[in-house]
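Chemist: I'd like to ask you about the structure that follows.
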Amino acid sequence: MTGQAEAIRRVHPTVSPKQAAQMLQEDGVIILKSFLAPDVMQRFQAEVDEDVEKTSTGARMKAYKLVNDKTKHMADLIVRSEVFRSDILTHPLYHAIADELFRADYGDHWLNASAVLQLMPGAPAQQLHRDEEIFAASKFRSPTDPQLSLSCLVALTEFTEENGATRLIPGSHLWDSAHPAPSPDQTVPAIMQPGEAILFLGSLFHGGGENRTENVRRGLGMSLIPCQFTPYSSHMHVPRTIIETMTPLAQKLVGWRTVESHRQYPFWQGGDRRLEDVLGLASREA
């Protein structure tokens, strides 16, 4: 993309999944109007408000370098919210679009992460990044290769340029490794009303904006990844009494402990904590 930054296309919720997926392949991002019904959003907010208020600002783990000290990142929504489990996680259009993007190349998809993201007054702009960068495989993708993730950010408050609306570079998912680094003047803000959502590919450059107001900016983020990013065999059915006779390395190899990527990014967590800590998992010494 060159010259003036392109606007983000806004689409009605009656859009067909195939049309939406085609727009994502072309632009890397779309805004979906009326993604969440007002009553769903209100019930979700009521369930998480108290926990969000109790959540401290800043990163819970050192790998979360994109979470600054004026941002709240509250994960573990499966545990915290029945509305998220029942009405949001299984959003039909979101999953139908993901099927269009992933199924032919990968098969099923699953939840990568979910969190409430709240920018406090004075929160600085986030560094521009691609969500797929947490996966080493992203280094080997060409712009025309299958995508590695599909992110969704729902506005729970109004998103304005002044309060830190997410900024994105439409078309940047088509940039190869030789392309110059992205710059803020290439971005456009995702201006949204509560209940609207941005969907964007993991290969698209984006970042949270600066909150220059006295109000918070709250969003609900979640991302889907292909099922290829999981072991062929599950070991969750193995009795815990057996697992706790194993060494920490053996437990990690069968999926009972958090693992780390090439950038020490934690995968397979329990909310914002290491899985073994949440479980209180015992082990035998090596």
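The backbone N, Cα and C atoms fix where each Cβ goes, glycine too.
Marked as Fe cation binding site by Swiss-Prot: H129, D131, H206.
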Chemist: With an 8 Å cut-off on Cβ distance to the H129, D131, H206 Cβ center, who else from the chain surrounds the Fe cation site?
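Modeler: Counting only non-site residues, the set is L128, R130, E133, S151, F200, G202, L204, F205, G207.
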Chemist: What is the number of other Cβ atoms found within 10 Å of the Cβ of H206 (Fe cation binding site)?
Modeler: 26
Chemist: Taking 10 A as the limit, how many CB atoms besides its own sit near the CB of D131 (Fe cation binding site)?
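Modeler: Its Cβ shell of radius 10 Å holds 24 other Cβ atoms.
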Chemist: So how many other Cβ atoms are close to H129 (Fe cation binding site), meaning within 10 Å of its Cβ?
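Modeler: Neighbour count, Cβ to Cβ under the 10 Å cut-off: 15.
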Chemist: Taking DSSP three-state, what's D131 (Fe cation binding site) in: helix, strand or coil?
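Modeler: Once the DSSP labels are grouped into three classes, D131 (Fe cation binding site) ends up as helix.
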